[in-house]
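Accompanying notes for the structure given below.
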Amino acid sequence: MLIDAYGRRISSLRISLTNRCNLKCIYCHNEGEEDSGSEITVEEVAQIARICARYGVDKIKFSGGEPLLRRDFDEILRALPPMRDVSVTTNGTLLAARAESLKESGLDRVNVSLDSMDRDRFTFITQCKGQFDKVLDGIDAALSVGLTPVKINMVYLKGINEDEVDRMIDYVRGKPLVLQIIELMNFHGAFKYHADVASLEQRIKEKADKAVCREMHRRTKYYLGGAEVEIVRPIDNSEFCMNCNRLRITSDYKLKPCLLKNDNLVSVRGLSDAEVEAVLIKTVGAREPFFKSETAKVCQPYKIYEP
C-alpha cells in the first residue's frame, strides 16, 4: 500500500486520456490541464496501472477532455490489470455506438454529463447543435448493456438550469441512475454562472426518505421516492483533502498529486517500470493536502508496504 505522511492511502487512479473534446461547454475547465499535444499511450496506461495495482490501487476512472475520442479506448481497457472498479466520465455523445464494446472490454460503469433536459438549453451550454439526442441515446445504451449505475452529472448553472432539478430527479427515478448535482467551480471566469447549492440541498434534504453520508467526500446521498441524488460541492475544503485517496495521471503521462495544483507535476514518460515505481513512491511521499492545518499532519514519514 501507499500511505502518505497525512495517513491517506492511495487506492484510486484518475487518468486523463486526452485534452480533446467535441463539445465547447461554457463552464469547462478541462480539469486544469493545458494542451500538451502528446497523449498518453496504451502502453503507458497499462504501465502505471500495473505498478499501482501492486500497491493496492483497485479503482480507475478515465476522464478527459472527452475520453471516447480515443479510438483505442477499448484497447486501453483490455490492457488493464484486474480492478475492482473501472469507470469513465464522458459527455455521452459517442457512447451509444461504443457502449457494448466498452462493456466487453472491461468497463464497469459511466458518468455522463447532462446539464439540461431542454434541447435549446443543452445546445447553449455545450455550444454545439445536434448532440442532445445522442447523449440520451448514449445513456440508454449504457443502461441496456449494464454499465451501471450510470451517474448523471448536472452542473448547476445560475440563470440557466436552476429550475430543472425536479425534472432531472424524475428522469433518474426508478432506474439504475444517480443524479449528481454539481456546484460550479471558479475556473476561467465561468463563475458568473455560479449558483449556491446550499438552499437546494436543504430542499432536497427535507424531501428525502433517507440520507447516507459517503466517507471520502463527506458527501450525502439522498433517496427521494426511487431516485438517488447527490450534491457535489467544490472541493475547496480541508475535509475533502483529508479523505483524498486519489492519484491523478495527466494526458501527457505526468503524476499529478493534487487536483488543485499544477506546479508539482512529475513526468514518468520513457521510464522503466522500476523507475516509475521509484518516482511513484517519492511522489506519494511528498503529497500534501491543498487545504490543511499544521495540526492535521501525522508526525511520521510516509509508509510504503511492499506488495
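Backbone N, Cα and C atoms are what each Cβ position is placed from, and that goes for glycine too.
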Further binder of GTP named by Swiss-Prot next to Arg14, Lys61, Lys151, Arg246, Leu247, Arg248, taken from the candidates Thr89, Thr90, Thr123: Thr89
Residue among binding-site residues Tyr27, Ser113, Cys241, Cys258 with Cα closest to the Cα of Leu247 (GTP binding site): Cys258
Assigned element (helix, strand, coil) containing Gly65 (S-adenosyl-L-methionine binding site), judged by DSSP: coil
Minimum Cα separation from Cys28 ([4Fe-4S] cluster 1 binding site), reported as the residue among binding-site residues Lys61, Gly65, Cys244, Arg246, Arg248 that achieves it: Gly65
Tyr27, Ser113, Cys241 screened against Lys151 (GTP binding site), Cα within 10 Å - retained binding-site residues: Ser113
